[in-house]
Amino acid sequence: QQISWTPLLVLGYLFYLLLGAMVFQLLEKQAETHFRDQFQLEKLKFLQNYTCLDRKALEQFVQVLMEAWEKGVNPEGNSTNPSNWDFSNSFFFAGTVVTTIGYGNLSPSTVAGQIFCVFYALFGVPLNLAFLNQLGKGLNAHLITLERWVQKPGRAQVHLVIFLTAGTLLFLLFPPLVFSYVEGWSYGEGFYFTFITLSTIGFGDYVVGTNPNKHYIPVYRSLTAIWIVFGLAWLALVFNVGADLMEKFLQLKWHKPDLSLSEGAMTKLEDEPEQPRNHIPS
């Protein structure tokens with residue numbers, strides 16, 4: 001008798017979301033309140049130091065800063081800051097579109113750019129999925145048959161361990177060292193950016209190559225975009241393996257074999273003598 005685990009999976013999924021909501025609220029709400037109060041205090045101090053300004057003028061200036069940030073203009077620095085739309089940055093942005101990462105720190109501001117972005121993503125996202133699928137098949141063929149590693153213990157599992165270890169070092173553990181050195185982040189911040197990027201979550205709170213006080217090599221963001229593509233293929237395979245294992249676990253856990261039928265079949269096999277196998281020549 002097989003028990004449908006779909007309702008249980010739905011309930012577990014909803015419970016996981018509720019659990020995440022409660023934990024994030026517990027961890028972040030108090031800090032947000034502290035930062036908000038601190039910001040209001042800084043605004044009051046600013047008005048006290050510059051009495052020629054009133055609150056309305058300050059709020060208007062804050063609004064200008066927010067609009068500049070939304071348009072991808074960093075309020076820090078001056079007009080000599082490098083363009084967000086040079087070829088290297090545009091190449092990086094195109095990669096974030098087709099991979100659906102969408103950091104949110106930069107977006108087209110012209111109507112023509114927005115319309116082009118829609119059609120570019122319309123054809124680019126399926127193309128990216130097809131490319132990642134083929135890349136994943138290549139990795140799968142040369143490293144391990146991921147779908148059968150559970151049924152074939154031994155060498156296949158060793159290959160899987162090598163595949164996961166090498167990928168983890170190449171795509172998750174080593175890149176944060178580079179980002180920490182180039183961007184001035186801590187290793188934890190670099191690792192956070194790495195995973196949030198390769199998982200296509202892409203919050204946009206950390207983005208490479210956006211600090212106006214640093215001088216980046218021209219191909220820095222382009223190389224990062226290439227790393228993202230191959231990292232996406234690797235992490236997608238890891239997520240697929242995890243999803244397959246979870247489905248197998250649920251099926252094994254909620255699939256109860258009919259013991260009476262199994263016992264009857266075993267008794268029948270024991271009572272009947274073994275029949276000779278007929279050999280069919282090829």
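Numbering starts at 1 and runs along the chain as it is shown here.
Using the three backbone atoms N, Cα and C, a Cβ is placed for every residue, glycine included.
TrEMBL lists 6-27 (among others) with the feature transmembrane segment.
Per TrEMBL, N-linked glycosylation site is recorded for Asn78.
When DSSP labels each residue, the domain 'Potassium channel' (80-137) comes out as 39 helix, 0 strand, 19 coil, counted as helix, strand and coil in that order. Among the features that TrEMBL reports, domain 'Potassium channel' is placed at 80-137 (among others).
Using a Cβ-Cβ cut-off under 8 Å and counting only residues 6 or more beyond its ends in the same chain, the transmembrane segment (87-106) has close neighbours at 69, 72, 117, 120-121, 124-125, 127-128, 197, 200-204, 207, 209-210, 218-222, 224-225, 228-229, 232. Summarising the annotation, TrEMBL assigns transmembrane segment to 87-106 (among others).
For 112-132 (among others), the entry in TrEMBL reads transmembrane segment.
According to TrEMBL, the feature transmembrane segment maps to 158-178 (among others).
Feature annotation from TrEMBL assigns domain 'Potassium channel' to 160-247 (among others). Per-residue confidence over the domain 'Potassium channel' (160-247) averages 88 (mean pLDDT, predicted model).
Here TrEMBL flags 190-208 (among others) as transmembrane segment.
The transmembrane segment feature in TrEMBL is assigned to 220-243 (among others).
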DSSP-derived helix, strand and coil totals, residue by residue, for the domain 'Potassium channel' (160-247): 63 helix, 0 strand, 25 coil
